[in-house]
């Protein structure tokens, strides 16, 4: 086979690329050099049980089949080296990274051991030892690069001065060539920001803040153009040279990247087909009778060679046999035995350094909550459209009511009672929706960020929830006061300042309850559209059962009457009815006494309507307020519990 241009002396990086065949453990015994950090993965296997049929097919749903995702994978890599894990979609690349980093869910069966500097790690130590950059870059879009990294540093590192955080962030940005975009916003699909390659660098920078010795990156070049992908790999290779272990998975690598990797591993259906240096890879496949053609991309050639072609049954059998032959050949090769020897030698070598845990001395619970609150507030305050809509969406609804009703009357023949009942019904029914719309629009991105950062150990998911709750409280109060101030006096409701205060307080509660109920459901259901539908259904049902406006509560079936006590609409409606109707006197047809016998003239005082619609509500006015506002902390506590459970389920 002719010499490949990227393995010639001019194209290679000198001794850096050739050191994989002789580990530093062996070098140390010869030259006496200081041993470096090492990562060993020994006989790792992972399988899950899947149901045969869909959940609605009871017979087939009860049957299960075991799926082997990883099978007897062993790797060895040292600091100063970068390893590339190749494989087609579904080959187990991401699962292998999850297994090494301790992020695999416990729903499957994991076997094997992971060693760092010869020490087997416990599950609770994985998070403190490895940094993991996911394939998707999830950030708060309205923060700048500098702010994003600074808040991450404040969450991850010990409490210190602002100068300490600034120096740390500036050093990392300089190392990753981000200084020129430090004050640019991250951006999103709604508005421009930094480029995809720069976003990927920010993801890497966020992990580097804790000085990790082992970094893993899942598909870091996916979605990037050729030049940017090459720059990212060069950057990672440079990071590896600075006494780090770097492992990346790549789906479709370019030939130019071949020379930058110290070790290359190839996975097929969860089995290791090869793991070694680029030179060892060329020699291994050449000895197996599959030399790489001159001027071909070794990545493409050997990925095609180790993939199973499922286009036809004959091709599938043929290619599967070839892959099995290559797997057996690798397990019998000196390269594989050298991997096992290095892992075993590291376990008993006493000169290796201790396990290199990340620099991690984070602030306490309330310190993290304060950082999250400041970060959430700064991010959401820059979203001008969201801020404006939060403040005026209730007011917009109120303006429609004003244009429709103009001003409520005291004449029962002109709809004095009916107009007030319709107004209160709309107010109690609409205010939870505005809260729900806010949460559905703003919280899913915060949830995505917290899902990722909580896996990095920066904080717990419920702390992000509580930070959002504290952030929305003042906005909700201001929005409700603006809405109430315009609607209450313009519509001509009971002209008393104290009544206006009760009115505003009564409408604030369902607005908050609607938003917090949405947050609770967002902790259970991933799709915001489904949450939207659930909240709408619950709000309509609660209003029908609890308000007493559609059907007299006393005439309801006992189960519905009992169910009404668990709806916040019952207490809110009783408060608003008493607040508006108590002490109110109605006229009927003016001075025309012939109209006094009209059925609509039966109600001449507001107290009559109160006793007819919600008997005893006047005496329960204070209790109703306490119960209504009791829903708010109850939902917050329920949300914290659910997000704690979510934290556990994602990490298990």
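For all residues, glycine too, the Cβ spot is worked out from N, Cα and C.
Residues 385-405 are the range that Swiss-Prot records as transmembrane segment, among 343-363, 364-384, 385-405.
Under the topological domain names given by Swiss-Prot, residue 416 lies on the same membrane side as residue 585. Among the residue ranges 320-340, 446-466, 530-550, 551-571, the one that Swiss-Prot annotates as transmembrane segment is 530-550.
Cα-Cα distance from residue 90 (ATP binding site) to residue 410 (N-linked glycosylation site): 72 Å (rounded to the nearest whole number). Working note on the binding-site residues 89, 91: by count of other C-beta atoms within 10 Å of each C-beta, 91 ranks first.
The recorded positions considered are 88, 94, 585; of these, 585 has the fewest other C-beta atoms within 10 angstroms of its C-beta. The Cβ of residue 87 (ATP binding site) lies under 8 Å from the Cβ of 93, 249, 251, 266, 267, 268, 303, each on the same chain and at least six residues away in sequence. When the recorded positions 88, 89, 94, 410 are screened for a Cα within 10 A of the Cα of residue 585 (N-linked glycosylation site), the ones that qualify are 410.
For the binding-site residues listed here (90, 92), the lowest count of other CB atoms within 10 A around the CB belongs to 90.
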